[in-house]
Amino acid sequence: MDLCVFGVDDGYAEAIIRGLRASFLTEAQYQQMKNCASIPELKSFLEETDYQNCLQADNPQIPTSILRQRLKKKLADEFEYIEAQSTGTLTKYLFHLRCRFMIDNVVNMIEGLKNKIDIEILLSNIDPLGWFPEIKNIKVLEGDDYSSLYRDVLIDTPIGVYFMKFLEESIENLHENRTLNDIQNLFREMKPEYIRTSLKKMWLEDFYVFCEQELMPTSQEVLLELLKFEADFKTIQVIYNSIGNRDLNTAAKIITTRKQLCPTIGNLYPDCEKMYLQAMTLDTLREAVKGCDNYRDLLKDAPDPLKREEFNVQTKTLDDIMYDDECRRYALAFDGQGSYGVFYSYLKLKEQEIRNIIWLAEMISRKLAKNHPGWKKIIIPFSHLGK
Amino acid sequence: MSLFRSEQMEYYNLVIPRESAWDVMNTLGYFDSVHIIDYDATLPQINRPFSNYVKRCDDVMQKIEQIEAEMRNFKIEKRYCPDVIDLLKKRNGSHKQFEELEQDICKVADDLEHQQQTLTSLQEKKNTIRENLEVLRNAVAFQNEDSEEASLLGFQKMVGVILKEDELRFKRIIFRITKGNIHVEIMDIQEHFIQQDRRSVQKCVFMLFYPCGDLTQKKILRVIDSFSCNKFDIPTSSEQHAQRITMLENQLIEADQLLHLTITQINKRLQDLVEVKYNCSWIEEMRILITKEKYLYMNLNMLNMTNSVFHGQIWLPQGQDQKIQQALRNLHGNDKQLPSGQIQEQQTQLTPPTYYKLNSFTYPFQEIVNTYGIPRYKEINPGLSTIITFPFLVGVMFGDVGHGLLLFVCGLYLTTEDARKSIFSGLVPMRYMILLIGFFACYNGLIYNDFLSIGLNLFGSCYNLVDGEYEIQEDCVYKFGIDPAWGSSANQLTFMNSFKMKLAVIIGVTHMTFGIILKGFNTIHFNNYIDFFCEFIPQFLLLICSFGYMDFLLFLKWCTKFEDTKDAPSVITTMIDMVLRPFDVPEKPLFESGEQQRSIQLLLLTIIAFCIPVMLITKPLIFSLNKKNHPYQQIPSQIPDDDANQEQLQNDMQKDQSQPHSKVSIQQHNEHDDIGELIVHQSIETIEFVLGSVSNTASYLRLWALSLAHSQLAEVFFSMTIASHIGEGGFFGTIGSIIQFPGFALATFGVLMCMDLMECFLHALRLQWVEFQSKFYKADGYMFKAYSFTNIKSNEQDD
């Protein structure tokens, strides 16, 4: 039924997205990009693609960071345009998508400030997709007092909710007779990466609930499926990365941290929860997730996290494997009709494309040999569909 | 003749030494007749020898666009170039010219940018002064008793300006950060500020009262800092306060003057740029020259460079080679040191491009044909006959003297110079077509005797009105068209319908026969005698013997005088009987005797029956026999031959990829599969033709249907609006018709002149494409694309 009325409100936005499908670089274009000898050549190649307009003003020897910024700006502009064309639920939905980038931005800012990087540089490096007016006011932050940052600045922002939850949870975990100092210390010691993962987990759960409650059945079907996989991947990642992690020295600590960071949605939760929380080696993790779909296959090729030191560029890391699998799912979702999945997929696939370009730009600027395995480490959106 | 078949093309090898590449290309650009073949169309632009020049041209172009954008901001109009070629000839330099131009433009653009920056910084300065001034002025408003008291109590003030849109956020964050211990006052500044990006924004003055304390102050400063707003001090005494205000006011006036000065300067500078030097503004001249430069290098990039010599293949229309060779020889004048380019004729297997010399009269008609498909090289171009047949077919459907005249006048207007500048400039390329449609609509209107749904009695009717009955005069024939007396007869509609229907079929059969005859000419021209005898002759006979005969019957019936119309035989019945009961003697013969008619019809039927198998099987038969004749001799000799050809073909294909649609003329007949394919193809063609001849003839009935619709609509509009008033006459009739006239005029314009004309146009298009062109037109050629500076247009024409 909802397929009949999908076009009424969201048809135009969907049509634009479908049109933007043509802007994805093709395999042949990637091949050409790989053949570029220098950054100026890569830039002039990109100027013949859809990225033409966003690069024209820059000089040929463009640094990768600026290149990334430009590419992201283009994506943000497109997204903003679609957002402006949307109404009702779609607007809310698109806003939710943005929140992920906002979290990234805020955490990046915090991380940068911690490392005493100048705020102007940080501001110029933020992801335009996750820009919101209050982000400038993070400057107000004094020291490492996240709770005051939240209280003063982030409370009014869209992602304030997640921060509040995060703070509450963190404080709850402290022992009974806590003092203000304890709390401040806690936050001071907290790693930005930890904040990011927990915030994203909250966002994911929140977004899941939103999709479940507000979207029409077709969108729900597509999105919930995607989000479940994403949650599972996140879980696996957390477990995987915590195996052999030196900072978490006791088994009990590992398990509590994992419990905090693993999303409470997805195919693995709650059935396999007990198993994976206990997993201390790659094999036990494989065993834990074997009940679900093709996760076992995914993990089959993953390198052992205990031998982390031996990793190099050639290693196909777990992230690469997962990106590859996600990319396939998003491409499938993109080609589905009448669902909001297409917006989500578009964003994800474009992100992947930007990652690819940046990766290639890095490879080129380092002048690596053409037989270097790194050249193969790009995942081309939609390349799975042809086969 | 040039429109009948495309121009004879010749294939040349172009060799240019690098030193004179620019000059040669520059010379060739003025000839309107060089088609350069891209040697490798898949090669990206960046890998070509002159890609950096193209890039530089693009960069300069961008600069020009920036300057032009600035001009639009200052509302300065530039003059477009009326004659690009003339300008290019006047400004013809050498390849070094580009560098000069590039420098000039960069300098101008940089200067302009510099001035822009000065302007922005001035603007900013002015904004700051204004902000300060506003703060001071508003501060007076805050200076009431409460604030006096507050300062006595140890409260401090902080004043500044923030964006209006940030106001709420600012208040909230201040509240949060100091837990509500701060009093915030906000005063809007009425006048808007102009930002750097020329956006006008509203700002407001804020004033904070906070209790003394370093911590709070630090916090507040940080917040203010994060909003990137300006903070100002307020002098303590009112005397100083007034002084400051006057000082700032003076500064403001100064800044304003400076600003004004800069703006005038920029304006003057821009005015200089639009000054006319040759025949257009300087900036436009630059744009054209740079476009030419880019165009030249783009085309030069199509040539293959090896060892600093450019090799390329070009197509030339026959007869142009002498001129070009002459021009190339004279290129360096007396200076024999510099080598010039050369062209050499070459044999090739490639299909030449299709090239017609067009003028503004033939253009729209050729465009109609090209929209369907580009004619094959040397194929008969339907565009020539379209010049008359197409407007005529529209005219048959749009037949009305009044409407036709209106259209004709429109066409006349479009041919005038004024029309180019009016809003109808889009229709100007179509002007001659509209003119002809108007003419033929008029002509057909005269035949139908229809003037805005009223008959015209031009030559004196042959009927006399006697006692309300029409009586025909003896031996009288109305000179031209339909007698106006039919207009008022009771069976007018039946009569007109039967007349128009017959006319439609006659026109249709003639049109299609013409198409088939063109096919005959094509087969003769290409020496394809198999097609001539196996396709053209039987097709021609089939159409003539079936529907040609029907047309003949129509004429015969018109020429025969029947005493009682009930005795007149029906043509349709005759035709049906001819097929279904060929051996019966017709009851009502159109010929003198039924026997005669029967034998003629039997003969025609025999011919038709004979034609179909000829079309169906002879061609495959001849091909398979040809193959069987030399089954063993050919195979060994063919294999190496084939391979060589294949290689050649591949080479050619590589060279020729610039025209993906181009067909290589030698077709590799792999005859084993070919026979089967040919049989299938031939049977489809035959069935299509036989069925098509019936359905296409029926399709021409749209001529009648649309003309009927047109005349009926015209009649309805006339009778519903002013007809009754005109009939009434007198004062009230006049008043009534004046009131009703706008309705009539609007309906005539909107429905008949616009919608109906469009419909007639579309139906004529269908008849042209489907019914006519399907008879002979292959349409698989590709366009001749001349490398010519005439392709460079002044901006105006682009818009």
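Just so you know, the numbers here start at 1 and follow the chain as drawn.
From the backbone N, Cα and C atoms, a Cβ is placed for every residue, glycine too.
Note that TrEMBL annotation is computational and uncurated.
Database features, via TrEMBL:
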type	residues	note
COILED	B:50-77	coiled coil
COILED	B:112-139	coiled coil
TRANSMEM	B:390-414	transmembrane segment
TRANSMEM	B:426-448	transmembrane segment
TRANSMEM	B:503-521	transmembrane segment
TRANSMEM	B:533-556	transmembrane segment
TRANSMEM	B:599-618	transmembrane segment
REGION	B:634-667	region 'Disordered'
COMPBIAS	B:646-667	compositional bias 'Polar residues'
TRANSMEM	B:738-758	transmembrane segment
Distal contacts, the transmembrane segment (B:390-414) - CB-CB under 8 A, six or more residues away: 365, 368, 424, 427-428, 430-448, 450-453, 456, 503-504, 507, 511, 702-703, 706-707, 710-711, 714, 748, 752-753, 756-757, 760-761, 763-765, 767-768
Rounded mean pLDDT for the residues that make up the coiled coil (B:112-139): 82
Sequence-remote partners of the transmembrane segment (B:503-521) [C-beta within less than 8 Å, at least six residues beyond its ends]: 380, 382, 385, 389, 393, 396, 532, 535-537, 539-540, 543-544, 547-548, 550-551, 554, 693, 696-697, 699-704, 767, 771-776
Tertiary contacts of the transmembrane segment (B:533-556) (same chain, 6+ residues out, Cβ under 8 Å): 502, 505-506, 509-510, 512-513, 516-517, 519-520, 523, 571, 574-575, 590-591, 601, 604-605, 607-608, 610-612, 614-615, 618-619, 622, 685, 689-690, 693, 697, 775
Contact set, same chain, for the transmembrane segment (B:738-758): CB under 8 Å, 6 or more residues outside the stretch: 394, 398, 400, 403, 406-407, 437, 452, 706, 709-710, 713-714, 717-718, 721-722, 725
